[in-house]
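To keep things clear, I will list the structure first and then write my remarks on it.
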């Protein structure tokens with residue numbers, strides 16, 4: 001058997017189901033989490049992530065919400081990642097909240113084995129770096145001010 005035959009490529013939906021299961025179980029120390037936006041999305045494209053701001057940083061005490069969009073080429077290509085919560089961070093576009101691949105090496109040098117969990121953990125670590133940890137953050141109450149590029153925000157009654 002050749003080495004190519006030995007390498008099994010997990011289909012996209014199986015991979016996303018594995019990630020969903022892992023996200024639902026809770027991961028690591030509980031400071032990052034993620035799950036699907038819509039259980040009826042058969043393509044499993046739209047996800048929400050959460051990062052709790054790390055201690056001893058300007059992000060401490062804040063909860064950051066992110067949208068992750070896994071296109072049809074995921075996991076061969078990285079998801080698009082966008083902070084919904086306003087944040088001041090070197091790799092994030094301040095206007096759109098998009099994590100800029102050119103400024104976040106994990107997205108630029110994406111590998112198939114990387115996961116959404118890996119992205120969230122790496123973003124949390126990025127918050128703790130010397131060039132981000134002390135950055136002044138947008139004032140409280142501006143969290144929901146970011147417009148969704150897909151259209152107006154939908155109100156949900158809980």
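Heads up, the Cβ atoms here are built off N, Cα and C, so glycines get one too.
Any TrEMBL annotation is an automated prediction that lacks curation.
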Range annotated as region 'Disordered' in TrEMBL, from 101-129, 130-158: 130-158
Residues in the domain 'UBC core' (11-158) grouped by DSSP into helix, strand and remaining coil: 36 helix, 26 strand, 86 coil
